[in-house]
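According to TrEMBL, the features are:
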TRANSMEM  12-34  transmembrane segment
TRANSMEM  40-59  transmembrane segment
TRANSMEM  71-88  transmembrane segment
TRANSMEM  94-122  transmembrane segment
TRANSMEM  187-211  transmembrane segment
TRANSMEM  231-256  transmembrane segment
TRANSMEM  297-315  transmembrane segment
TRANSMEM  335-352  transmembrane segment
TRANSMEM  417-433  transmembrane segment
TRANSMEM  445-463  transmembrane segment
TRANSMEM  469-489  transmembrane segment
TRANSMEM  501-523  transmembrane segment
Amino acid sequence: EQPAKISGNLSATIRILVLLLRICGYVIILMALYWCTECMPLAVTALMPVVLFPMMGIMKVSMEYLKDSNMLFIGGLLVAIAVEHWNLHKRIALGVLLLVGVRPSLLMMGFMIVSSFLSMWISNTATTAMMLPIAHAVLQQLKATEVQMNSLYNLMYWVCWGADEHEWGPEAIQEFKRKAMEAKYDLLTKGMSLSVCYSASIGGTATLTGTTPNLILKGQMDELFPENGDVINFASWFGFAFPNMVLMLVFSWLWLQFMYLGFNLKQSFGCGMKSDRDKEAYAVMKTEYRKLGSMRFAEGAVLTIFILLVILWFTREPGFIDGWATVLFNKEGEFVSDGTVAILMSMLFFVVPSQLPRFGGKVKNALPTLLNWRVVNERMPWNIIILLGGGFALAAGSERSGLSKWLGESLAPLQQIPAFAISLLLCLLVATFTECSSNTATTTLFLPILATAINLHPLYVMLPCTVAASLAFMLPVATPPNAIAFSFGNLKVIDMVKSGFMLNIIGILTVNLGINTWGYAMFDMVISLSWIMISCHENVQHTVCLSNYLK
């Protein structure tokens with residue numbers, strides 16, 4: 001009886017130890033349920049680790065809630081707020097559309113290009129909310145012009161053939177053409193609405209500040225791999241994600257063209273002289289552009305600061321040469337980051353006046369600046385900043401409690417399948433999960449686990465899964481741009497499911513193509529052995545881990 005009693009006590013002790021190691025898993029599951037059901041606001045759920053981690057004896061996490069990635073996020077949002085506040089984004093959008101033209105396929109292509117470009121710098125939701133009314137105004141003008149032309153045609157038909165033709169008179173032909181035209185414009189409206197919201201989500205993946213999951217990846221890398229965290233910066237992310245975004249955009253345009261316009265390229269693109277309908281639609285856009293007037297001093301100042309910010313981001317640490325930050329400030333350590341640059345340039349919005357100063361005479365009042373705190377406070381999504389902090393807290397807690405190590409051992413069978421298949425499966429899992437949960441919550445939950453759970457280069461699974469978290473195309477509730485398009489475009493859920501399913505597949509395939517080609521070379525995934533040693537767990541021999549990785 002004594003050995004049995006000792007054995008029982010030992011097994012109970014082991015179970016308690018395992019429970020203690022998995023205790024962070026309980027917090028993650030609880031937060032995942034709260035995020036999915038939204039029984040509490042997302043930001044409030046993100047504050048749970050502040051209470052639960054100290055009470056469970058894991059760690060204090062208050063310091064995790066304001067990292068460098070939060071500063072980068074705030075700086076990027078300040079730029080976006082300034083661009084929106086002075087209507088610079090609308091001027092850019094209408095200017096590009098005037099260049100592209102109004103033929104159906106070209107129009108869809110133009111709206112997708114503009115939407116994706118704008119969402120690289122401002123929020124996907126703001127881009128969709130701005131572009132959809134413009135798209136619908138153009139379509140309404142196209143439709144009205146076609147109705148007018150059909151009425152003229154029916155009158156001519158009645159004069160020429162009405163006396164001889166009774167069965168197919170002008171009324172019957174008019175009704176037939178009206179139904180055909182309604183069906184055509186219904187399809188065109190659906191296709192245009194979906195093209196705007198989808199391209200806004202796709203465009204957000206191209207820049208580090210384009211959407212929140214990208215910044216979560218940056219923050220997790222800084223948290224989990226401080227020695228190599230700066231391998232993800234604005235320039236390196238753009239180098240990987242921008243070609244992937246272009247590929248996704250091209251294939252998405254082809255799929256939406258096939259779904260809603262057909263593949264009659266001659267009819268879609270048109271040739272020769274423009275019709276009256278095209279000229280009328282073009283006139284609508286030109287009228288909207290003229291309403292903006294000439295570019296004001298404030299718009300020029302915002303555009304100048306924006307361009308300077310992008311240049312400083314790209315040249316801070318380009319990778320192939322030493323950037324200005326390395327030469328001037330980062331000789332002793334990593335002091336100047338993308339967040340430093342973002343805050344520096346965004347502070348200029350509170351210094352530069354919104355009107356051209358006039359010299360001479362008495363100055364009664366100080367000139368208003370490009371931004372003031374009231375505007376920023378109204379438009380800044382403070383809840384997302386807390387949500388980012390909650391993700392960093394979860395990452396730190398998973399590492400401290402041993403949850404990441406335990407998950408790595410549990411996922412050991414995955415080592416038996418090829419690395420590219422692992423990446424595909426995980427991307428499919430994340431893309432499915434993000435349809436039912438916010439992309440921010442999805443990335444926050446999955447990235448800390450993926451970073452250390454599989455004996456591969458961390459970026460090999462983290463990068464594609466981060467992009468996959470933005471591939472929420474199938475449901476109206478999956479992301480705000482989808483919901484806006486659903487309300488605008490007379491869409492049914494089945495329309496979004498049929499279009500979005502294929503776009504999800506396209507996105508997963510293109511991002512995995514990218515990580516296995518130019519991404520593999522960019523992030524040095526073959527010879528960077530320090531990554532392998534970091535990603536291997538302490539209880540696994542490095543030789544076994546290295547052999548699995550090379551295999």
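Every residue, even glycine, has its Cβ placed from backbone N, Cα and C.
For the transmembrane segment (231-256), the most Cβ-contacting stretch among 40-59, 335-352, 417-433, 469-489, 501-523 is 501-523 (pairs under 8 Å). Contacts between the transmembrane segment (71-88) and the transmembrane segment (469-489): absent, as fewer than 3 C-beta pairs lie under 8 angstroms at sequence separation of six or more. With pairs at least 6 apart in sequence, the transmembrane segment (297-315) and the transmembrane segment (335-352) have 3 or more Cβ pairs within the 8 Å limit; the two touch. Counted over residue pairs separated by six or more positions, the transmembrane segment (501-523) shares fewer than 3 Cβ pairs under 8 angstroms with the transmembrane segment (297-315), which leaves the two as not touching.
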